[in-house]
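> What follows is a single structure, and I will ask about it in a moment.
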């Protein structure tokens, strides 16, 4: 139906292109007039455009500056601050509107200038990544279309080889004229540096500065690169610098400018594939115990071994029963138990490829899945643990729990976690216990709860490590380290680690060194980071299939740009085989056929293991070939460059080499161009389209096909039932192949199912992070305000006003004068005296006013004796130190909340709603603590003596050592909020390059006791159980 409408009314993309085509004509008309200009005259035109643009926006910038200056006034009132902030918000909105209108006006002339600059550069030789390059690019009309779409804040889909890198120069140049900075985001450091060096002649011609952010750069280098008009870098580097800027100790430590305009190259990879992976800066957990996994590991190995024996028995039973009674339900049940116990068992997969077996097992599964899987426990109870491969979940059964409890010897109640609330209530109500005994008993309950919970968590993670994660598929082991393999590119992700102890569990499994645990100090998801940009756009060769998600999450429209020359690549229907063995044999046969012909072939694989299997088979046939996977990524550029030569055979995991075009060698066009052979379908149609897109660039000939088997993961989990049925009916023999458009469509439907599932996970992740994002926004704004102001006196006095009212209210019910006086002395070190009768007569309001005045006088006296610059430092230290400490604690509490929130679903409660409510309570509580402790610190801090200064310097050295141990991670968290809970984590990409001296810590005049210290009032109780309540 949709296609009929498109034929009548035209497609959305046709309409999009039709709207902007007149702009292209205008650009070309202006471009034609520039031919007679000298280089200096052309430069003068770009300078004039920049100057005029800046002049148009000067007035509004000045208004903004004047208003911001008023906020520095120490005597400003809260109502005045709120009024000024409202005006600033209105001004910012107006500024963005005027900037957009001004850029729209100069777009045709600016694009014409860039196009003419490219023409003038033709034949210019220069160095790119130590290779000599000759400029030979002038934007085509379709590239101008792409540039306009990017400037409009949309995603442009352009086929491979259409020159997306050149397209980005057009909107980057235009938006750089604002002086607000443009960020061009790429997928790795190599492409960031290459693209910057490759495109720099266009910008340098007009004096526009370009920079690049690379991992390993020091803060001062980063600051210099960000100061450029255009900065290239990866999403990780931009994101981590944002987080580090929000941990900075002084304005001089900030490296980034504003987030004005971002252009994301390979936008689907960055905004979709990476979207399940939050950016995290973490620090080490003190006294972390890494031996806990080695204690449990022998138990787990025995459990897994017993399960394997159990599954082998069920398979033997199924074989035996089927021989006697082909359709017996007992055989079907045995097969189902084998599948639930070890779904990737080689013998099971082979049996299911036999005629009728998969259908037999499916009949049993359908029976037990009825009524929301109500009877599935009957299947699972006979196993030690069950695996649901589709949802990546694993569940220990009662049989498994009993087995592990026996192995633990001393702990027969291993799986009984105490109900802390009930236990504590019982202790509190036990009148036979004195205070000390109660404290001791409570500590025992907490310790038992903590020990049991941790042990159960470690058992769960080790079970996943042994049953769900496979070496050379999900990860590789290199140089004694477990390294995650990117499922989309096949590349190793250096330093990226799984979270919640899963990575340590895999390290224990593989007998390598178990690294220490870390705790989150700052975090943001990719989605919420890129939402910071005032304007965002992106480009890729494959975005149309993800257009709904790009619009839903980022409000990015997708526009498909027509190719400069028609694509003539032949995309064949899939070849479907019953077993992997048959499929691999067919692939090798096809490669030999193509090599004899001289036609280059690129074989795409989904894992390191498959690429090495095919490589072994080719070596056995003495076929010369190259392998590009996570283990052999060092020669990537060289291998990709030679993949289009006559007779070349290249095996590459997924899209390794993406971002580099494969150019055809001499005579290859006549042979049919590059032949793409996919060894299996990926979960995402987009990844398959990317693989096909390696061939047929710029109108070159080419061919693509996928070889699929019913044993492939995608087919096994989501798509094989109908295809198996067809094969069984046709009586297919070994080696036979199905090739039909209906089968290809069936496979694409299976892919769509997985895509929808992954989208829901990413959307759920965003819904959870949106809660934290609003809180992060409040905290970071407050922190940045404190960081950039010279004095924070007005903020301190505002806190004092609220404190006075709240504290007086607290003691007003019983007119507890002594309690009030002691509280003020503890909190502010202020001697506040008031008679009991006065307290009663004056009431709350007047008493609060007296308290405010007394504290104010104390603070003013302090200002009289402490130099203004030092007072500014004291206030800033108080605010920043407390915010950072409390935010870290809050993140830890939020992590704990996330871990157990899904269990609320068992109580018929929506986990997300519960999470929002709990997170809000935690946030409100944290804000109260921040305000109270900030005020307390500001009053108690005084300049240091010389003796104390030496002590502080020693502490600073310790602090710097801890700072250097911070790591930036890009957490791999696709199941972070799912019941499966494996939360594959994150990226310990590099040390955090803060490189900053910590703020000088003044001496605290009156130290509040620690929560477990004896209370200073002399009661003999701990502080937390007495005055610290």
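Going from the start of the chain as shown, residues are counted 1 onward.
Each Cβ is built from the backbone N, Cα and C atoms, and glycine gets one as well.
The ATP binding site annotation in Swiss-Prot covers 143, 161, 162, 163, 164, 165, 661 and is backed by sequence analysis. Taken from Swiss-Prot, the feature region 'Disordered' covers 953-1029. Look at Swiss-Prot and you will find 966-975, 984-996 tagged as compositional bias 'Basic and acidic residues'. According to Swiss-Prot, the feature Zn(2+) binding site maps to 1015, 1017, 1026, 1027, an assignment based on sequence analysis.
Describe each of these features in terms of where it is and what it packs against.
In the three-state DSSP assignment, the secondary structure recorded for residue 164 (ATP binding site) is helix. Its own atom aside, the Cβ of residue 164 (ATP binding site) has 25 Cβ atoms within 10 angstroms in the protein chains shown.
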> Among 143, 161, 162, 163, 164, 165, 661, which the record lists as binding ATP, how far apart in Å are the two most distant Cα atoms?
17
> Counting every protein chain present, what is the number of Cβ atoms, excluding its own, within 10 Å of the Cβ of residue 165 (ATP binding site)?
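Counting Cβ neighbours of residue 165 (ATP binding site) within 10 Å gives 17.
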> How many other Cβ atoms sit within 10 Å of the Cβ of residue 161 (ATP binding site)?
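If we count other Cβ atoms within 10 Å of residue 161 (ATP binding site), we arrive at 22.
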> Per DSSP, residue 661 (ATP binding site) is which: helix, strand or coil?
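Note: residue 661 (ATP binding site) is coil by DSSP, not helix or strand.
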> What is the one among the binding-site residues 143, 162, 163 whose Cβ has the most other Cβ atoms less than or equal to 10 Å away?
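That would be 143, with the most Cβ atoms nearby.
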> From the centroid of the CB atoms of 143, 161, 162, 163, 164, 165, 661, the recorded ATP site, which same-chain residues not already listed sit within 8 A by their CB, in sequence order?
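Other same-chain residues with Cβ inside the cutoff are 158, 160, 166, 167.
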> Through the lens of DSSP with three states only, how would you label residue 143 (ATP binding site)?
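Where residue 143 (ATP binding site) sits, the three-state DSSP reduction gives helix.
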